[in-house]
Structures are given as C-alpha cells and as structure tokens.
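Novice: My questions all concern the structure below.
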C-alpha cells in the first residue's frame, strides 16, 4: 500500500494517485539533473558534502565489499565507495531516473572512476538483485521520493547480506523550534527562488521542500526500519536534525 | 559536527589542490589504493589516507593498514622538505609501523609539490601583478622564516649566556654522561644485591 493509503500518496503537499508519483518524481529529477550538484552546493552551503562524508565513514566499507548506492543520483557516494572497496569490490549505482543516472555515469567516467562500478536503473521498491547480495546499502536523499517506503525498505532488507548494514541519509525534523522556523523560511521562501534562478525550475524545488516536510521524522523512520526487518536501527542527527543518518543491520 | 570528519575533508581538499602543483601530471599513477594511517601529535584522532587518484582522507577506516606514521605537524613539514626518515626515527620524532617504503614514497610525493600561486592569481589580476604578488609573498615568507630563526637563536643565547637559565650543549652532553654513569652504577649495585640475596 502507498504511504498515503487508499492508493493515494504524497507528492509534496499534494495527494496524488500512487501509480502516478514515480512518474511525477521522475519529471522533477529530469528537470534538475543537469544542475543537481551545483544546486546541492548552493542550497546547503556545501554542508551536504559533510553529511555524505559522515555517511561514508559510518559505512565502514572494506576492500572486496559489494555496495549498493541506491538513488545514487550523480554518484557522490559511489565515487568514494569505489576507491574504498578497491578492484576486488563492486559498487552498483542505482537510480530510478535515467537522467540522473546518465549525469552520474558521465561524471564518474570523466573522473576516472571505472572498473568496479556498474549502473542499474532500478525502482527501490522492487530491487533487481538476488537475496543476500550486498554488504552495504546506502540511500542518500532518495527515500522520501519513494512511493511505498515500507516496501522499499523490505526490498533493501532482502538484498542485504546477513551482517550487512543499511544507511539512510535523509532530511528530517530539526530538534530546535527556532531552527525549525528558520529552516521553514529558508525552504519555502529562499530555495524555490534559487531553483528558479539557477536551474530555471522553481516548482521542482518547491516540491523538494514540501517532500521533506511530509517525510517521516527520525523516530517514525527508525520504527519503519525495525518493522521492515532491520535490527539495531538507530539514527544520528546532523545540523540540529535538519538531516539524520539512519542505520540498520540485518542479522 | 564531528571535528574529525571535517578535518579529514579539509585535508583531502588541501591535498587535491596541492597535488595540482606536482611536476608529474599524474603523480598518483603508481599508487594502488594503499592505506596509510597518520597519527598526528596535534590531533586526538587518526587520519587515514587511501592513496588513489584523488587521495581519499577519512577519520575512520576499516580494513588493513599498510603503514602507520606517528609524528607531529612540524615533523611532517620536515619530511616534506626531504629530511631523512632514518634521522627522524633516530631522533624519536617519527615512528613507522608497517611498510617503510610507503612512508618514503609518501614523503617523496609531498616533497615534490611546489605550490605556485602565479597561475591562479593571473586569472584574477593579470600576469604582471600576479608575478609581483608571488614574489612579494615568497620574499615575505623567506624573511619571516629568517627572522623567526634569528629570534630563536638570540633567545637561546640570552637564556644560556646572559640569564644562565638554560645549559649549553657541552653541559647537556656532560649531564647525559653523568646520567649514563649513574645508571651503570645502579645496575652494578643491583647485580651485587642480587648476588648477596642468592648467597643468603
């Protein structure tokens, strides 16, 4: 069942038919793909690099491991993992959106990240991989765009090896009320304007801000991970809870 | 924010920028993902260098480490300037565990970097002004280093000869010899005591 129930789900603040959401999200990312990295730097003042670096360090990838970078977009995490797992390891960059995948593949190939990276266009709800296949799965700023999050988490749990770990990096709920107000102002007044000026698409960035607000908060997502079969699920707040890194293990 | 993660990110960015000034256009071509652990005296956490192209730096790292270096930032600077590894080890300023050749290779890699501010500056202020600013910065750096070195020498002389607070080199050497002689006498005494205890 989709997150909104009755075959309806969230698309930002709108309620839409569940089977239409993937297509609508795809349109957003087709539109922003070419300016995605630039907009990430501008919108987060570069702090997204810190959030991703922290995620990589928590992943504790070793040479020879198999890593799935789900909703990997332009390949920031994949590039780091490819160096860490070495020639004997494997990194799969998966994204539902072919425009993002093309941008990611071009960027990684231009930077010489080749050999142990493969690219798969995949829906997180139905991952096209065998059971118990990956040592590490990461999904950075992608889960909130998935129509049925519980189904996606169960799919990730299936393809993760026993002993493997899932890392979900996602926007979340700030802990401080003042921070929440400042964050709301920035998200709804500043970011869409920036999106309009830099990427020429104000509406897509308004959707991104709205999708963050309807995404489950830290505790809800932690419980969803536990219900999906992950063990020892916990989370680390970053930047006062604007972003949280959720961790879960499969034993 | 985790300071260790930030420091690792800063070092990674700094190394990527500095390696652009390496005379070899592909200075990391011969490296194959070797992992070096840097324990800097000034930091409470280790830094891990995964030597690929570009170099990755992390504050946490899983998997085997090829070489572990324990040193201070000042010693790292000396390594970069080409000081001998064995001399630094003898002086207890550097500890190496693992592949010593990797430490030498890293020192060689860093030592070959010659930062040149002229190229990036010339895009902003033109070639002529960039050259003048570069010369000014180099002269300023050289003069600063000379003045610092002179200040250290004068302070040493003042403390040693005028205030007579610090010992001179010969006094220090004599003191070291006396300590050695004392240690020898204590060892002899200890041996005699052990013998007597054995007889009783």
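Each Cβ is built from the backbone N, Cα and C atoms, and glycine gets one as well.
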Novice: Among A:74, A:88, indicate the single residue that TrEMBL lists for the S-adenosyl-L-methionine site containing A:95, A:123, A:124.
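Specialist: The candidate from A:74, A:88 that TrEMBL ties to S-adenosyl-L-methionine along with A:95, A:123, A:124 is A:74.
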Novice: For the binding-site residues A:74, A:95, A:123, which Cβ has the most other Cβ atoms within 10 Å, all shown protein chains included?
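Specialist: Compared across A:74, A:95, A:123, the most Cβ atoms within 10 Å surround A:95.
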Novice: CB neighbours of residue A:124 (S-adenosyl-L-methionine binding site) within 10 A?
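Specialist: I count 25 other Cβ atoms within 10 Å of it.
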Novice: Any idea of the Cα spread of the S-adenosyl-L-methionine site, A:74, A:95, A:123, A:124, as a max distance in Å?
Specialist: 17
Novice: Could you check what DSSP calls residue A:95 (S-adenosyl-L-methionine binding site) once collapsed to helix, strand or coil?
Specialist: strand
